[in-house]
Each structure stands twice: as structure tokens, then as C-alpha cells.
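The following features are taken from Swiss-Prot:
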- 1-24: topological domain 'Lumenal' (TOPO_DOM)
- 25-45: transmembrane segment (TRANSMEM)
- 46-200: topological domain 'Cytoplasmic' (TOPO_DOM)
- 87-130: zinc finger (ZN_FING)
- 201-221: transmembrane segment (TRANSMEM)
- 223-243: transmembrane segment (TRANSMEM)
- 244-257: topological domain 'Cytoplasmic' (TOPO_DOM)
């Protein structure tokens, strides 16, 4: 009777897998996903050390001395906008802080004085990382204080002159963390981005999600295994760059309203 029984198909498990019953390729894909997401979160929330680049130390020192000489009376206690946030130019707590497109923060008056020091012909390089500064993001709201209004006007004038400069692919990648952080912050804030831009971001994210879950891939995972997952990450990366480009265009258009 046993001889008449049909032989049941036997599917052997991966004997050399790290976790029994789970393919090593699945484990690698999951780990890479966590690494990619963790790296993106780190880039969006990072707070780099505010160390002046050696090539800019002389210029920063001159600007610091100039600001100290112009200050006739002792400065009042400055409000602390961030934990342990010190402007690397004046070495004090940042007041009316301004963030560059490379993600470094300065006092609004300090970065404007740094720009004015010397020639005004072109965009400045960040005193910390030497990246070209094409956008200044004021991190304070409009107030009745004259100093705040002057800084907002100076930052707006700077952005009008340099925000539309051509950007290389490497520059766009380096600007990605800061632009995405500001874009998503405004997306979920009242009175932030206009609705058409929010809809475009949502549609882009939905398109990326559909591509990730779709069985139709440029490099199918069924044939190429772990290599087939790389095209999904590449599409997601291109999507983030596209969102940052759209947000830069929105910021530039605001300057001419």
C-alpha cells in the first residue's frame, strides 16, 4: 500500500541560511532597507559640528572682530533657539538664526556680515564645509523688531541673486537633506506649502509606493535576486531629488511675489 502512495514533492530549505526558513537574500534586502531608511533619517536630522573650515578661519576671525567693534553696548542675553546652538562666527548663542542650503546655522547678522566682507560679486562658500551657499533659510518668523526685518530683507536679496544658479548633480545631492527637511516640515504645517505642491508630493510618493509593490520592475527580483532590489532604491532616490528640485523652485518663486 505504501508503494502505491504518490510521492509528495519535497522542497528543501536553504541549508546554509542564517535564519532557518528565511532566505539569505530576504535578510540582506531587509537589512539594506533598514540601513537606507536609517541613513536618510540621520541626514534629515543631523546636526554637524560647527567647526570653521581652516581656509575660512582668517576671514571669520576678521568678521568676528568687525562685529565686536560695531557693538557699542554689551549684548543682552540671546534667546536660545536650539540646544547647544552656538554660531561659529560670533561664538555666541545664535540669534535670528539662518540655515544655509548645506544645513549649517549662523546668526543672521553674522552670515550677512560674512557675505559683505570682501567682494559681493558671487555667492559665498559655507564657512564650515566650503559648499556654495545659494539659499538662506531664516528660522524665525516676521517680527516688529528692526533687526529681524533687516535680516529677512538681506536674506531675501541674497536668495534672489543666487538661488537660481545652475546646480550640478553632486550639489543637488548635497542639498538633499536640508531641502527635504524644510519641504516636509512645511508640508505638514498650517500656512506652509500651497496645496498644489503638496498634491504633487503625495502623487510622487504614491507612484514610488506602487512601483515598489508592483511585480513589473526594470530589474525583476525573481530573476536577479538582491540586484533586482537596487532599481527600487534608485527610483526612490531619484524621487527625493525631484522633490528637492520642486521645493527649491517654490522657494525661488516666493521671492518674486
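Note: Cβ is positioned from N, Cα and C throughout, glycine not excepted.
Shown for the topological domain 'Cytoplasmic' (244-257): DSSP residue counts in helix, strand and coil, namely 11 helix, 0 strand, 3 coil.
The list of residues near the topological domain 'Cytoplasmic' (244-257) in space but at least 6 beyond its ends in sequence, with Cβ under 8 angstroms from a Cβ of it, reads 135, 156, 159-160, 163-164, 172, 175-176, 179-180, 182-183, 193-194, 197, 200-201.
Secondary structure by DSSP for the zinc finger (87-130): 9 helix, 9 strand, 26 coil.
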